[in-house]
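This report concerns only the one structure given below.
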Amino acid sequence: MSSVEATKPHFSWRNFLVCFLVSIGVIGFGYPSAMIAPMLAKTSFLEFTGLGDEKGIHKSKTSLVGALGGIFQAGAVFGVILSTQITDRYGRKAAMLYCIFWSIVGGIGITAAPNLATILVFRFFSGMGSWGFLTVAPTYTAELSIPAYRGLTAGMCGVMLGLGYATASYFGLAFRYTDNRTAQWRGPAGLSLVWPMISLITLPFIPESPRFLLMKDRVDEAWRTVSQLHSPEDGSDQTYAREEFYQMKMQAQHDQKQDGSWRALFSKAYRKRVIIGCGLSFLGQSTAVLVIQNYAPIFYAALGFNSKQQMIIQSGRDSIAFVGNLVGAFLLDRLGRRLMLLIGLAGCVVCVAINSAMVAEYSGTDNAAGLGVGIAALFVYLCFYASCYDAPLLVVLGEIFPNHVRAKGVALSIATVAASDILYLQVAPYAFAAVGWKFFLLFICVSAVGWIWLYFQFPETKGVPLEEMADLFGDKKEVVVHRADIHLDKFTPNLSTPKQDSPDGTCPSELEKGETSNFHVECVSSLKDH
């Protein structure tokens with residue numbers, strides 16, 4: 001390793017703004033995902049679809065209620081796969097456009113639907129676009145971010161996810177007060193179009209991922225993006241950006257030669273990362289987060305609250321999702337991903353256990369204290385989940401995979417979320433009807449076992465450049481050059497790097513000597529050799 005101290009990065013508001021604009025697309029997932037719960041709390045929607053009446057959801061229609069959630073997740077399978085192919089072939093911006101298109105199609109179809117069958121069809125299309133956002137945005141923001149601040153900038157995806165949930169609840173509550181029964185549910189459905197439209201308007205102002213550009217040999221374009229986003233706004237010092245770009249470029253040259261197929265994900269080199277990505281995704285859903293979200297009306301009814309009270313409680317609770325993710329984004333680069341995930345999962349287990357005990361003891365009674373503790377547990381649960389699990393999850397998924405399989409790795413992890421949701425959402429209405437609160441014992445047990453696995457298997461990724469993630473997973477040969485070993489020569493504008501960092505034992509710059517986006521790269525012998 002070089003004894004020269006690595007150049008410290010500058011915080012860039014321009015970089016933050018670009019990542020913020022990319023992450024707005026995730027609202028296009030959070031909003032349509034969460035808007036179904038307020039709909040199920042409205043008599044007008046239940047009567048229109050034939051799912052129930054003023055007394056609530058008919059027991060004979062529980063399978064169709066499950067389908068409203070399940071088919072949205074089914075659309076995810078197609079959305080995730082197709083968006084990934086576009087991401088790898090045409091770029092991150094093209095994939096965002098794909099997500100925007102299907103989100104708009106799904107939103108229009110649901111809003112104008114004449115019957116339940118049509119709603120189900122367009123929920124599928126909505127799922128295609130929405131889940132695509134959840135795949136593309138974490139990949140995109142991770143590749144645009146400065147490593148030291150990646151928790152904050154890429155963490156905006158989690159913030160926007162929470163904002164999507166919160167706005168869905170508040171708009172659902174607001175439209176409940178209109179006398180137009182059709183508008184009570186079509187209004188919130190129509191507002192799902194706002195978020196993809198914002199993404200469509202802002203997309204031309206967002207640069208393509210520099211790592212994608214390097215993988216396609218578009219070096220000059222990649223340098224322009226890095227120099228603009230990873231340097232001070234006044235352009236006074238590009239030292240860090242130049243050194244970082246050298247690492248990106250050398251790693252991309254190596255990754256271009258690697259197998260980028262789906263099969264490669266399951267090779268020995270990447271198996272641990274896939275297990276961690278999919279494992280974290282499965283554990284997140286195994287805390288009961290979406291079951292509580294989608295079946296909140298059923299759950300709150302069991303605690304004795306009427307439909308209006310249910311929606312007020314849900315709106316307040318979803319506000320925590322937004323605030324929690326925002327707090328989490330600011331803590332990620334301080335506390336680290338690993339500690340926050342462990343705290344979040346442990347907190348969720350405790351809160352679900354408390355809530356289950358309250359439901360078991362006081363459901364169907366007028367015990368205000370017991371019911372209050374049950375509701376409080378759900379609020380505290382979301383504090384833990386949003387700030388310490390939701391916030392780091394999307395950041396981790398976007399950063400642990402290498403360039404040539406990053407989009408596919410994130411997609412497989414997000415597909416695991418969707419598959420878990422399909423399983424839990426389809427089983428939930430029957431489980432609630434058959435065993436009631438005991439259904440939550442499943443989530444408690446799975447999450448508890450998952451905490452132990454997480455403690456022993458997950459390494460800290462805070463501040464690690466994407467090009468060096470392989471070091472954390474036992475793939476040291478995959479790292480071409482380490483960031484700490486790159487520095488500007490003291491007397492010349494040349495970049496220098498020690499010899500031993502190349503995976504094949506040769507000097508990295510021997511892979512391609514000469515001009516690299518307006519600066520020269522040369523190699524010096526290792527300090528260890530002297």
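From the backbone N, Cα and C atoms, a Cβ is placed for every residue, glycine too.
Just so you know, TrEMBL annotations never went through curation; they're auto-generated.
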Of 61-82, 193-214, the range TrEMBL labels transmembrane segment:
61-82
Test the contact criterion for the transmembrane segment (439-456) and the transmembrane segment (274-292): 3 or more CB pairs under 8 Å, pairs 6 or more apart in sequence, then answer yes or no.
yes
Check the transmembrane segment (371-397) against each of 16-41, 94-113, 339-359 and return whichever range has the most CB pairs under 8 Å.
339-359
Which residues of the chain, 6 or more past the ends of the transmembrane segment (274-292), have a CB below 8 A from one of its CBs?
33, 69, 265-266, 299, 341, 345, 348-349, 352, 378, 381, 385, 389-390, 393, 396-397, 400-401, 409-410, 412-414, 416-417, 420-421, 424-425, 428, 440, 443, 446-447, 450, 453-454, 457-458
Looking at the stretches 16-41, 61-82, 94-113, which one shares the most CB pairs under 8 Å with the transmembrane segment (152-173)?
16-41
